[in-house]
C-alpha cells in the first residue's frame, strides 16, 4: 500500500457535531514541533468523535509575522497570542491589529496580546487549558513547563531540557499536583508505548498482591515497596530501555573529519527537519545524550538500564527489552505529528495527518552500537544520568552556549562536547539542589563555557 496522508474523504468529519472542547496552549508555536502540533490539532478537530479541539493560546519569541500568520490560520483563533521577547511588543501589537482587519486571517480584535517571559507562565496555567504543548527550545522553556505541571495540566513534553535541568523537581511536582507528563520526543513516546505491557503487568501484580495479603496488611502497606529498584518497581519484567539514534549527518565520519566540519554540513540532517540548535545536537549526538538523561527522569530508571543504538532509517523509534529476552519496538514513519498526537489524545488513537509506511516496498531496518569514542557527548550523557543532581543543568547550559558559539563560527564542531565536559568538571556537584540553585548554576555554566571557548 503506497504511503499517503489522510484525506478529507477518508475519515468522518465531526465538526458539525456537538462535542466538549479540549483546549490546548502551544508554547513554541513557530518552531518545527509547534507547527506540527497546530496541524495535528486542526486535524483532530475534524476527525475526533469525542472532542472538539481548539488552540487557546500560542507563543513565539521574536518571529512575529509567522506567529500571527499561524494564529490567523486556526479554525478557531486563539484568544491570546504570546510574544516572550518583551522588546517585540510594539511590532507584535501592530501585526495583530493589521491581521484582525484582513479577510485572509481569522483573527479578530478579541484576540489579545500578552508579552514577556511571565506571559508564557500565564498561558500555561489558564484555568480552561487542558493540555500544554511544551515546545520551547532549550532552558527557556523550563519555567512555563514547570508552571503547567504545578497547575496539574497534561503536558505534551517536547522540551527535553526541562527534565535535563530540573528532572527531580519536575517529576516530584507532577506527582504532587496530579499532572501528566507525556513525551513528544519520538524516542520517549516510543518507549512509553512499548511499556504498555509492563504497565498492565504492574496493575495486575498490585491487584494480585493485595488480594493475597491479610486485611490488616492491606490497610497499611502500598502494593509495592518504593525501596525496590525503580526498574523493577515501576516496570515489572523490563530489562532495559533502548533509544534509537539516526546517527545524524556525521554518522560515518571520523573524528578528524568532524574536526573540520562546517556549519552547513552539521545542519544537513539526513532524516528530520528541525531547528538549528537541535540539528547541531543531533550531529554531535548531544541530543541523544540529553534524551538518556530525560529517559532516566521520565521513566524513573537508572542509567545502566538505558542503551543507545544507531538506526539510520529512523523507522524504529525505540525498543524495550524484557527479562525473557523479548523486544518490543515502536515503528512508524519519521513524522513528529505521530508522537505529538499520541501525547494529546492518549490513550486514544485516532487518524493522524502523517503518511503511512509504504508497505508495498521492502523495509530496510538496521541497528548497530553507538560509538562513544567518536561521539563523546553520548558518554557524557550517561555520566550525567548516573550522577544526577546539578550535572544536568551545567551540561545543558554549557551545550546551549557551545552550540551558539559554533553556529557563529567561533569554535570547531568538536569543541562542543569538550567545552561541556570541562564545564562539568569545573563545577561543585550537588546531589539535591533546589530549583533556585539550578537556575544560578545555569547562569554560571554559560559564562564558564564562554571562558573555556577563549582559552
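Residue numbers in this text run from 1 along the chain shown.
Positions of Cβ are set from backbone N, Cα and C atoms, glycine also.
Going by what Swiss-Prot states, the Mn(2+) site holds 185, 187, and the candidate of 87, 89, 264, 291 recorded there is 291. Just one of 63, 180, 257 is listed by Swiss-Prot for the same NADPH site as 30, 31, 32, 33, 159, 161, 275, and that one is 63. According to Swiss-Prot, 186, 187, 246, 269, 282, 287, 288, 291 bind 1-deoxy-D-xylulose 5-phosphate; the candidate from 160, 305 that the record adds to this site is 160.
In Swiss-Prot, the annotation region 'Disordered' applies to 205-233, one of the ranges 118-146, 205-233. Residue 32 (NADPH binding site) sits 12 Å from residue 185 (Mn(2+) binding site), counting Cα to Cα.
Taking a C-beta cut-off of under 8 Å and a sequence gap of six or more, residue 33 (NADPH binding site) has these contacts in its own chain: 133, 135, 158, 184, 336, 340. Across the fold, the C-alpha of residue 287 (1-deoxy-D-xylulose 5-phosphate binding site) and the C-alpha of residue 161 (NADPH binding site) stand 10 Å from each other. In this view, the densest Cβ surroundings among the binding-site residues 160, 269 belong to 160, judged by other Cβ atoms lying within 10 Å. Shown are the binding-site residues 187, 291; of these, the residue with the fewest other Cβ atoms within 10 Å is 187.
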